[in-house]
C-alpha cells in the first residue's frame with residue numbers, strides 16, 4: 001500500500017494564520033540584513049590588506065557560509081508564508097535537506113577551526129605565522145566542507161531511504177531531517193537514535209575542540225603579566241566566544257538531547273535562531289566587538305567620502 005511521494009506539505013507555523021504576513025516580513029527583513037551584513041564583512045576584509053591574516057581568512061569564509069546557510073532556508077520560507085504555498089517537491093526537499101546539513105555541519109567545524117586559530121595565536125604567538133600557514137588554513141577550510149559533505153550525504157541518503165505512505169505533512173517550515181523522519185511511515189525510533197548519535201558526535205567533537213582550545217587560552221591569559229595584554233587577548237576572542245555560545249547552545253538543544261526529534265513546536269522556534277537569527281547577528285558581533293574591523297570600516301568609509 002506504499003506509493004512514492006512526489007511532494008511534501010510544510011506545515012510549520014501554520015497554526016497562526018493571521019501572523020503569516022508578519023512572519024514573511026520578519027523573515028525577509030532578517031535575510032536582507034544577513035546578506036548585506038555578511039557581504040560588507042567580506043568586502044571589508046578583502047579591501048584592507050592589514051586584515052589578510054588567518055583569523056580574518058576564517059571569518060571571511062564564515063560570512064560566506066552564513067549567506068549560503070541562510071539562503072537554503074529563508075527565501076523559500078518567506079514565499080511560503082507570503083503566498084501560502086507550502087508544498088515542496090520530493091527533489092526540492094531532498095536538496096534542502098542536503099544543503100542545510102552541509103552548511104550546518106561545516107559551520108560547526110569552522111567554529112572549531114577558529115577556536116584552534118585563537119589558541120595558536122595566544123598560546124604560541126612566536127610560532128603562529130609558521131603553524132597557521134596559508135596552506136594549512138586552506139586545508140582546514142576544505143576539510144570542514146568535506147566533513148560537512150560526508151555528514152549531509154549520510155543523513156540525506158539515510159532519511160530518503162525511509163518509506164512515505166500517504167502522509168505528506170512535515171511539521172516544520174523547511175525540510176529538516178528530524179521532521180522528515182517523523183513524516184515517514186517507517187519505524188522511526190531507531191532512525192532517530194542513529195541521527196542523534198551522528199549529530200551528537202559531531203557537535204560533541206567540535207565543542208570539545210572549542211572547550212579545550214579556550215581553556216588553554218584562558219589559562220594563558222590569566223598568566224599574562226599586564227592588564228593591558230590580558231584585555232587585548234580577551235578582545236580578540238570575545239566575539240568568537242559569543243558566536244560559539246549562540247550556535248552550539250541552540251544546536252545542542254536541538255540535536256544532542258533525548259527526544260530531540262519529538263518536540264515539533266519547540267524545534268520550529270529554535271530552528272529560527274540557528275538558521276536565520278545567528279547568521280544575521282554574526283557580522284554585527286564581529287564588527288561591533290572588534291577594533292580592527294571597526295577601524296577598517298571607518299577607514300574605508302572616509303576614503304569613499
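Here the Cβ of each residue, glycine as well, is placed from N, Cα and C on the backbone.
Just so it is clear, the model here is predicted, and its values are computed rather than measured.
These features come from TrEMBL:
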| type | residues | note |
| --- | --- | --- |
| TRANSMEM | 20-45 | transmembrane segment |
| DOMAIN | 37-286 | domain 'G-protein coupled receptors family 1 profile' |
| TRANSMEM | 57-77 | transmembrane segment |
| TRANSMEM | 97-116 | transmembrane segment |
| TRANSMEM | 136-158 | transmembrane segment |
| TRANSMEM | 193-222 | transmembrane segment |
| TRANSMEM | 234-256 | transmembrane segment |
| TRANSMEM | 268-288 | transmembrane segment |
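Among residues of the same chain six or more beyond the transmembrane segment (234-256), those with a C-beta under 8 A of the stretch's C-beta atoms are 55, 104, 107-108, 111, 114-115, 118, 121-122, 178, 195-196, 199-200, 203-204, 206-207, 210, 214, 217, 221, 267, 270-271, 273-274, 278, 281-282, 285-286, 289-291.
Sequence-distant contacts of the transmembrane segment (193-222), counting only residues of its own chain at least 6 positions beyond either end whose CB sits under 8 Å from a CB of the stretch, comprise 105, 108-109, 111-112, 115-116, 118-119, 122-123, 147, 151, 154-155, 158, 177-178, 181, 230, 233-234, 237, 241, 244, 248, 251-252, 255-256, 258, 260-261. Within the same chain, residues 55, 58-59, 61-62, 65-66, 68-69, 72-73, 140-141, 143-145, 147-149, 151-153, 155-156, 159-160, 174-177, 180, 202-203, 205-207, 209-210, 213-214, 240, 243-244, 247-248, 251, 274-275 sit at least 6 positions outside the transmembrane segment (97-116) and bring their C-beta atoms closer than 8 Å to a C-beta of that stretch. Confidence across the domain 'G-protein coupled receptors family 1 profile' (37-286), taken as the mean pLDDT and rounded to a whole number, stands at 85.
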